[in-house]
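If you check TrEMBL, you get these features:
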type	residues	note
BINDING	Asp3, Ser4, Tyr35, Gly36, Asn67, Thr68, Thr177, His178	substrate binding site
ACT_SITE	Cys66	active site, proton donor/acceptor
ACT_SITE	Cys176	active site, proton donor/acceptor
Amino acid sequence: MFDSGIGGLSIAQCIHQHLPDENLIYVADSQFAPYGDKSSTEIIERVNKIADWLIHQQVKAIVVACNTATVIAIEQLRLRVSIPIIGVEPAIKPAALHSKTKKVALLVTEATAINTRFLSLVDKHKNGAEIYIQPCPGLVELIEQGLHQSEQCFKILHTFLQPLLQSNIDTLVLGCTHYPFVRSLIQNIVGDNITIMETAQPVTDQLARQLANQGLLASNQSMSQQHFFSSRVSTQQARLMSVLFGQNVTLQQFCAL
Ligand code: DGL
């Protein structure tokens, strides 16, 4: 699995918890983070480099643990490779069904917010609800720096969320895998009457289904290992990833083939 950085760990945690027998290889493309301000061409190039490397490691499936990379690059990736590719898409459909006020907000990166595949997903699943798309420039960078509990992070979130609160939303979708790490700050700002939705569980379920369908599920817990790579290794990042993943992370350098 991979992400532009540490955000995909929110998905990795859930996969590791529910599929503990599976070996995990996690790539944080931190040298190129954030993806949210990159062009589609740049993102597709990074996605293909990482996927080729993962396939070289003989993985049996790839989880694109990044909403931005999913909307921009997953279709062409599925055409290039034959193993199961599982993407991360914001929970628009369940959010629209859940909302009583029929007003739902989506927090996403800038690249996701303007992506046509994403916009047509919104259209397809909004089910009559009004959808407020809020790009959050700068937020991924703060989380990457380990500032996910800082005053700075609170302030930037407040700026993004305040206008949404005035729109009478009752459901908020986290459309970037970094954002679950600021979920408690978000909940503090929006209050308990707003439901926050994320996608780690549905992605894990989808991965489990695909592995099961193809007879690829692992079944020997004592052998399972987790390996972590980054395109910009630092002690600070290893420390942060250990905290966010919830166990000690040894970080190795990722070098594309
Ligand atoms: N975690 C990525 C996502 O889900 C972050 C994108 C970025 O690096 O801007 O979109």
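Here the Cβ of each residue, glycine as well, is placed from N, Cα and C on the backbone.
Residues listed for substrate, Asp3, Ser4, Tyr35, Gly36, Asn67, Thr68, Thr177, His178, cover a largest CA to CA span of 12 Å. In this structure the C-alpha atoms belonging to Asn67 (substrate binding site) and Cys176 (active site, proton donor/acceptor) are separated by 5 Å. The CA atom of Thr68 (substrate binding site) is located 7 Å away from the CA atom of Cys176 (active site, proton donor/acceptor).
Excluding Asp3, Ser4, Tyr35, Gly36, Asn67, Thr68, Thr177, His178, which define the substrate site, the same chain contributes Gly5, Gly7, Gly8, Ala33, Pro34, Cys66, Ala69, Thr109, Val140, Cys176 within 8 Å (Cβ to the Cβ centroid), listed in sequence order. A simple way to gauge crowding: the CB of Cys176 (active site, proton donor/acceptor) has 30 other CB atoms within 10 angstroms, across all the protein chains here. Residues near Asp3 (substrate binding site) in space but far in sequence (CB under 8 A, at least 6 apart, same chain), listed by position: Leu9, Ile11, Val27, Ala28, Asp29, Ala65, Cys66, Ala69, Thr177, His178. Secondary structure from DSSP puts Tyr35 (substrate binding site) in coil. Its Cβ taken as reference, His178 (substrate binding site) is surrounded by 31 other Cβ atoms within 10 Å in the chains shown.
Taking Cβ-Cβ distances under 8 Å and a sequence gap of 6 or more within the same chain, the neighbours of Tyr35 (substrate binding site) are Ser4, Asp29, Ile43, Arg46, Cys66, Thr68, Ala69, Thr109, Ala111. Distance from the CA of Cys176 (active site, proton donor/acceptor) to the CA of Gly36 (substrate binding site) is 10 Å.
Counting every protein chain shown, the number of other Cβ atoms lying within 10 Å of the Cβ of Thr177 (substrate binding site) is 30.
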